[in-house]
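Under the heading domain 'Major facilitator superfamily (MFS) profile', TrEMBL lists 22-448. For 12-32, 76-96, 108-129, 135-163, 175-198, 204-226, 261-279, 299-322, 331-351, 357-379, 391-414, 420-442, the entry in TrEMBL reads transmembrane segment.
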Amino acid sequence: MSDTNTSPRLWKAVVPICFICLLYLCSLFLFFCATNSLIYSTVCLLRANASFCAQIDQNKSLIVLEESIQKESAQWNLYGTLSFSIIACFMSPIFGSLSDTKNRKLPIVLTIGNAILTGLIITIASVYQGTQLCLILYLVANVVNGFGGGALILISSCFGYATDSCKEKGQHVQTIALIEASLNIGIVIGYLLCSFIFELHSRIWHILLVNVVLLVVALFISLVFLKTPSITESSTITTRQKIIRPIIDTRDLIVDLKNNHLLVSFLILLISLFFYDMYRMGSGSILYLFLHRISFDDAHYAAYFTFEQLATCLALLILALLKGRWKINDLYLASIGLILSLVGPMLFAFAENNKTMIFGAIPSSMFSVYFAVCLRSIVANLVPQKDKGKAFSFIALIQNLDVVVGTIASVEIYEASIDFFPGLVFIFAAATRVIALILILIQACCVSHTPQLSLTVPVDEVEDPLINTESNENEDDDALIHS
């Protein structure tokens with residue numbers, strides 16, 4: 001299909017998805033910003049008076065009490081994360097199967113609808129700030145959120161929906177980079193809104209109310225502007241077959257990859273993603289507590305992440321320009337992103353009260369996004385269109401497992417080391433990314449001698465999409481295979 005015919009269709013698919021991702025991530029980080037502050041303040045109010053809690057980040061005279069509050073806050077964040085992520089792990093293959101057997105739109109609508117319900121519950125919880133009921137409702141909200149799969153399911157479904165319109169391999173990275181950019185813009189706006197509302201000394205429930213309104217707008221866009229091309233299924237399918245369908249679909253994906261000699265490559269990519277995301281997916285609450293420990297208040301916390309996400313958007317723009325101008329190998333770009341991502345955690349580990357080192361980690365984190373973008377592009381090229389939902393649900397499953405494992409590891413390391421070296425958790429982060437880098441380099445070496453196909457080959461015709469280079473149009477198939 002020509003670029004003239006493909007581009008309008010591609011933009012019609014990508015633009016609504018970008019707006020949905022922007023609004024959802026904006027609301028999500030308003031949610032994170034509000035709930036982190038809600039849990040921290042509630043635990044503090046249960047242990048101390050309001051005047052102490054108002055100055056907890058600046059008042060270092062009672063450091064033992066502050067460390068005790070940080071440890072208990074970390075535990076409640078751990079309980080909430082586990083309540084959500086364990087359920088979300090079971091929901092990932094179900095939503096992936098829905099995406100492939102029904103339509104790409106359905107999981108997006110269900111996830112946003114569930115997030116609205118979650119937002120309403122946590123908004124009610126904020127009314128009881130400083131009481132045990134607030135903490136209980138926080139756990140209930142996370143349980144409910146788990147049944148919708150959360151942000152990872154929504155993002156994976158959006159990638160599946162958008163990449164269905166890509167007819168050339170080169171369009172995958174650009175499409176995914178655009179969606180990633182919209183995600184980061186949403187995060188920037190979310191933190192800016194959070195910082196602005198905190199500066200106005202507004203209540204936490206004001207932030208959570210804005211969160212719900214943004215989700216309602218995202219739901220409206222998904223219902224009105226997303227198409228619903230459904231996959232016809234036989235009416236003779238029984239209820240039992242529908243229940244076990246996700247398991248069968250997963251087995252079929254594995255069998256197809258094995259038959260095409262791509263299963264090992266697929267597993268290496270997933271395992272490398274697991275180690276890369278282990279700290280990133282599990283460190284949200286710990287990072288909040290660590291920055292507060294070195295005298296960051298809620299406004300400074302939001303400002304730091306605003307700058308970080310703006311820098312990440314710039315890095316994604318550079319990536320889109322690079323892929324549009326040069327046919328750079330995705331595995332090489334993923335390796336570069338991983339190498340650069342090692343610098344940031346090391347700066348955090350030894351920052352102590354040096355805010356310059358904290359902000360100096362931004363250039364490292366901005367380019368680390370190349371790994372996630374390029375890996376998703378490789379996976380999108382690795383499987384046929386009919387299996388994209390299942391493949392992206394595998395990624396969501398891995399990331400939900402990372403939420404569980406990463407949160408437990410981060411919380412336990414931070415609690416154990418807060419008395420003598422609070423930065424130890426960032427050494428752990430660097431170590432896991434080194435493992436991911438080793439796996440990616442192994443993958444690059446394994447495929448370096450395989451036949452290489454042109455970027456302009458349609459996705460469903462690609463036999464080995466792991467390495468992308470330009471080939472001569474006049475070469476016949478035999479010459480390509482034996483070259």
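The backbone N, Cα and C atoms fix where each Cβ goes, and this holds for glycine too.
Taking pairs at least six residues apart, the transmembrane segment (76-96) and the transmembrane segment (261-279) share fewer than three Cβ pairs below 8 Å and do not count as touching. Long-range neighbours of the transmembrane segment (108-129) within the same chain, counting only residues 6 or more positions beyond its ends whose Cβ lies under 8 Å from a Cβ of the stretch, are 20, 24, 27-28, 31, 34-35, 38, 41-42, 45, 95, 98, 137-138, 140-142, 144-145, 147-150, 153-154, 157-158, 161, 203-205, 208-209, 211-212, 215-216, 218-219, 222-223, 226.
Distant neighbours of the transmembrane segment (299-322): 29, 33, 173-174, 177-178, 180-181, 184-185, 187-188, 191-192, 194-195, 198-199, 288, 291-292, 328, 333, 358-359, 362-363, 365-367, 369-370, 373; these residues of the same chain sit at least 6 beyond its ends, with a Cβ under 8 Å from one of its Cβ atoms. For the transmembrane segment (204-226), the partner stretch with the highest count of Cβ pairs under 8 angstroms, out of 12-32, 135-163, 261-279, 331-351, is 12-32.
Contact between the transmembrane segment (12-32) and the transmembrane segment (391-414) is absent: fewer than three CB pairs lie under 8 Å, with pairs separated by 6 or more positions in sequence. In summary, the transmembrane segment (331-351) does not lie against the transmembrane segment (135-163): fewer than three C-beta pairs, each 6 or more positions apart in sequence, are under 8 Å. Here the transmembrane segment (175-198) sits apart from the transmembrane segment (261-279); fewer than 3 CB pairs are under 8 Å, leaving out pairs fewer than 6 apart in sequence.
Nonlocal intrachain contacts for the transmembrane segment (420-442), taken as residues 6+ away from its ends with a CB within less than 8 angstroms of a stretch CB, comprise 268, 271-276, 278-280, 283, 286, 290, 293, 331, 334-335, 338-339, 341-342, 345-346, 348-352, 371, 409-410, 413-414.
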